[in-house]
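Q: Here Swiss-Prot flags GLU214 as active site, proton donor, drawing on sequence analysis. According to Swiss-Prot, the feature Zn(2+) binding site maps to HIS19, HIS21, HIS211, ASP291. Marked as substrate binding site by Swiss-Prot on the basis of sequence analysis: ASP292. The feature site 'Important for catalytic activity' is assigned by Swiss-Prot to HIS234, with sequence analysis given as support.
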Amino acid sequence: MCQSPLHDFLHGLPKCEHHVHLEGCVTPELIFQLAEKNNIQLPNPATHPAYASVEALRARYAEFTSLNDFLDFYFHGMSVLHHQSDFEELAWAYFQKAHADGVHHAEVFFDPQVHQARGIDYETVVSGFTAGCKRAERELGLSTRLILCFVRHLPVDSATKLYELALASNHFESRVVHGLGWSSSEVGPPKDMFREIYASASGKGIRLTAHAGEEGDPTYISTALELGARRIDHGIRLVEDPELMERVAREGIMLTVCPLSNVRLRCVQSVEQVPIRKFLDAGVKFSINSDDPAYFGGYILDNYCAVQEAFQLSILEWRVIAENSVNESWIDEARKAELLKRIDDHVQKHTVVA
């Protein structure tokens, strides 16, 4: 529970989430439930004790040693998803939680390559997640966007085939998929491994983002920008390059910061080391997000509260964060105006009370 006096303000503050992986919302309970339903053999507890029980798995999530350590569990976790209904159920579970945390707009990543590699059709994944998005829009009043995310640990050829399949399915023009991103292992694979895909997508007007500057140094960020990304996911190591940070601020490039994820994956030792204050002072736009909440022990409100407890931000500083989150969302001007009005109303209410 958030200990900040601003908890009620933060809970009710209209939020936009830009960095959450739907596959990162598979809770330990859902992993065991779907494994039984779909007759999936989880790793043997004799050699992988974390899979002895729901409780053991959740406890292991608190002990990740690195990004790659987490990714091993992440990819095991998504292996239980087999049917369209599984993907829809997962998305719907996330949207319900996000809505309860005050999210009004959500842009969510999904990882088709990994599912394809285990024999799941692309259309099964997309149709399931799309159904979850539509239900959230219909029943919760959220606006949603799907971002197709390439993974850096698989060959570029598989990403190219996936991109061509999405194009052939007319998923970008029909707004089933609203953009492209990349994630997974940052350090190791070539920084520019998706250069040709991003060049093609940029030429077609497809929105681009990229995970960079989480474990990798600032050159990973500059490479992503060179390839056409207009949003950077994580990006906390941007502070190591003042010149690049000034460019990011000047060009209005938003970072999608995930504080609790950074702590769990040992990119920083504590939330206090996430450069929130430095970004605010430098005029760098950022949103605050949950990343893989089932694995990192917190959804978006938990991240907001952790930031508040670490930095003691003012209501007006939170207003800047919330408004930047809206203005840099992939939504039309009418929706932006609607959300900005909700933020203004909320701030005015709490400012008067204060």
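Counting begins at 1 with the first residue displayed.
Just so you know, glycine gets a Cβ as well, placed from its N, Cα and C.
The model shown is predicted, which means the values in this text are computed figures rather than measured ones.
Structural setting of the listed features?
A: Counting only same-chain residues six or more apart in sequence, the Cβ atoms lying under 8 angstroms from the Cβ of GLU214 (active site, proton donor) belong to LEU67, GLU186, ASP233, HIS234, GLY235, ILE236, ARG237, ASN262, LEU265, CYS267.
Counting every protein chain shown, the Cβ of HIS19 (Zn(2+) binding site) has 28 other Cβ atoms within 10 Å.
The Cβ of ASP292 (substrate binding site) lies under 8 Å from the Cβ of VAL20, HIS21, GLU23, GLY24, CYS25, PHE70, TYR74, SER261, each on the same chain and at least six residues away in sequence. For the recorded site, ASP292 (substrate binding site), the DSSP three-state label reads coil.
The DSSP secondary structure for HIS234 (site 'Important for catalytic activity') is strand.
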Q: Using the CB centroid of HIS19, HIS21, HIS211, ASP291 as the Zn(2+) site centre, which other residues of the same chain sit with their CB within 8 A?
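A: Other same-chain residues with Cβ inside the cutoff are VAL20, GLY24, PHE109, SER183, ASP233, HIS234, THR256, CYS258, SER261, ASN289, ASP292.
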Q: Sort out the sequence-distant neighbours of ASP291 (Zn(2+) binding site) for me: same chain, 6+ apart, CB within less than 8 Å of its CB, listed by position.
A: HIS19, VAL20, HIS21, GLY24, CYS258, LEU260, SER261
Q: Of HIS21, HIS211, which of the binding-site residues has the most Cβ neighbours inside 10 Å?
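A: Of the binding-site residues HIS21, HIS211, the highest Cβ count within 10 Å belongs to HIS211.
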